[in-house]
Amino acid sequence: MDALGSPWRRDEEAAINTLDGEQDERYRDDTDDDEAEAASPDAPLRGSGGPSSDFDGLHLGGSKKSTWRDRLTDGIPPRLRRAWSATVKWVQGPEPPRIFTITPIFPKIQHAPLALLDGYAPRRSQRFWLLIALYACWLLAFSLILRASSYSESIPGYGSPARLSCASRYWSEGNGCGLNGNRCRPFSNATMAFRCPADCHKQLILNPHAVGDQEVVFKPLVVGGPTDRSTGLEDEVLSNAIYRGDSFICASAVHAGFISDSQGGCGVLTLTGEQSSFTASTHHGIESIGFPSYFPHTFGFLPGTRAQCHDLRWPALAISAFFTATLSIFTTDPAVFFWSTFIILFFTTALATDPPNLHDYPSLLSLAIGRFLPACFCAWVTYRYTAHRTLHNLTAQIEKTLLWLGAAWVGALNNETFDRIPIQRLTAHDIQAQPGAVPALIAVVLTIFSIALAQAWSFRLEGRMPRYLALYSLFVTAILLMLALPGLNLRIHHYILALLLLPGTSFQNRTSMLYQGLLVGMFVNGITPGELFQGAQQGTLLPEIGVVSMGMSSITFGLGALPRWDSQAKVLFDGMSVLVNDVERFQGYGGSDGSGWDEGGGSGNLTWTWKRHRISRDSVQDGDEDIHSDTDDSDVDAETLMDLPEYFRFAYMAGSQVADFSKAGTWTAEGEWVDMKPGPSL
């Protein structure tokens, strides 16, 4: 068979090779032959089977129209197009994307709480009731702390103390107390039982506050203190310490040594009427300001009335931190962890650690509940688009508790942590005026920039950078549009800053957990306090004042004409307010019947005269009477009277609304006039 089959097989193989060779020749891709064939007028149609568009003399195939995008692309240099394509490819990230996940360090230790829960409460219903019990225990413990903090024992003879904040004071800014201070009466013969929180030395005045010709800013507002001069109150007030009525009450109590700054305290103050020559001093870590003239509203502290009450914000914080940490260790559900933590953070901050300046807890609770709903909406957006990605399928229980939850409490305590950074507002005036603001600003900017670069790299690795570049471009555009709005000043509060930065933390890695918890806490802290910075300068027109005549006992000012149009503020000013020693002593309006003016009937070149207020050398007067007495000085022995410097500030008024006051001009005790410096004051 092999012998017979071999010739046949050889012939068969030869035939097959011949056919293969013909097929190779038939389908061989010969470029030269193809080009020659294409040049032939009888060449068949090739490629897609459609007519060639290289030459269509009859225009049967139509012509391809270039779009605006093609024309734009053709106008870009090839090198720039290649660079743009490379940049787009780099921004889109690697293929496939690298999705971040956290693998627990020491997994047996971090999973131990989950194993314990599985052993004792394996069913979902059991875990539900354990969660309800946890909520109930926190609510009971927290409520008891708040009750002990709000309902103190009465001080015998004075009743239950009023709850004050560190910024509480009697006297208002500018002309807020009205003509002659009548809205802030009584000036004397009154007492008040009060309760102060701890750490009031940290409460700073953030807008320049005028004390005569001085401006106080970025320090506790305390004017006066213990003095060696005779006040007539040596046996009535502690350490013979008298304070101006615009001083912070709690900081003054610490300065006088009446309460402890570390624990707060309760006690009774008494109003001491008009006093003069307030002494500057430093006691118990607080520096007070001096004032060499008189003021109608003063106070001191009654010895022997201090009560045993303490600031309970730290026990309330400890209770809330314990319960949130317990929940964090035993749950892997992102919704349970996030919403439970957020609610406890919110109410702890709003009611205990950084509450608004309200004097009773019912009002405080009402305000907190009113702000809770809009805060929940912001929290839902944060959870839906940011936090869920970070917390989903996360089983690193201890790391989550330390990084996310711990950072959240640090952010929620912003008034005790980041508020100590000497940057309150990003304005040129504040940065220059506040010590340490420039290096602090540089450090903050460099830190945020470094974090932003690291987070942007993470977005690239996950393939999400284009989407977030578009999102933050919208944020920047919106901020620029708001900056361009005329007549308004943009101030980005720290809770707005937290909301803007939170989308940049939507990863499941350790640094993002830390940043995200911190920003959620800062948002909670920012949305709960009751006041922002108030009393800021408005940038309005200032009066042009001249001294018409002056002697030892009186001075006459030329105030110009009314009404006056402010083209920048778009306001027609029809009145004038004058402060003497930071107390309003005159209001007059143009076109009026002339009441209060020396001449002009409220029109033309208006003038106003002030008689010097002289006080007894004994410095003991009835402070509840009008301090600008018209008593004829000739009826009083001149040797018993004393002249003090007086400070004058002027502002326009539009109806009942007052504009910026000028800086203070000084009428010295020797009868000389010192012009005010340019610019506004408060």
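Here, residue 1 is simply the first one shown, and the rest follow in order.
Backbone N, Cα and C define each Cβ position, glycine as well.
Since the structure is predicted, the reported quantities are computational estimates derived from the model, not experimental observations.
Per TrEMBL, these features apply:
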DOMAIN    236-289  domain 'LCCL'
REGION    1-62  region 'Disordered'
TRANSMEM  128-146  transmembrane segment
TRANSMEM  312-330  transmembrane segment
TRANSMEM  336-352  transmembrane segment
TRANSMEM  364-383  transmembrane segment
TRANSMEM  436-457  transmembrane segment
TRANSMEM  469-486  transmembrane segment
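Below 8 angstroms of C-beta separation, residues 91, 492, 500, 503-504 of the same chain, each at least six residues beyond the ends of the transmembrane segment (469-486), sit close to that stretch. Contact between the transmembrane segment (364-383) and the transmembrane segment (336-352) is present: at least three CB pairs lie under 8 Å, with pairs separated by 6 or more positions in sequence. Sequence-distant contacts of the transmembrane segment (436-457) (same chain, at least 6 residues past either end, Cβ-Cβ under 8 Å): 421-423, 426, 430, 465, 468, 504-505, 507, 511-512, 515. Summarised by DSSP class, the composition of the domain 'LCCL' (236-289) is 10 helix, 23 strand, 21 coil. Within its own chain, the transmembrane segment (312-330) is flanked in space by residues 113-114, 116-117, 131, 134, 137-138, 141-142, 145-146, 148-149, 197-198, 336-337, 340-341, 344-345, 348, 351-353, 397-398, 400-401, 404-405, 409, 413, which lie at least six positions past its ends and keep a Cβ under 8 Å from the stretch.
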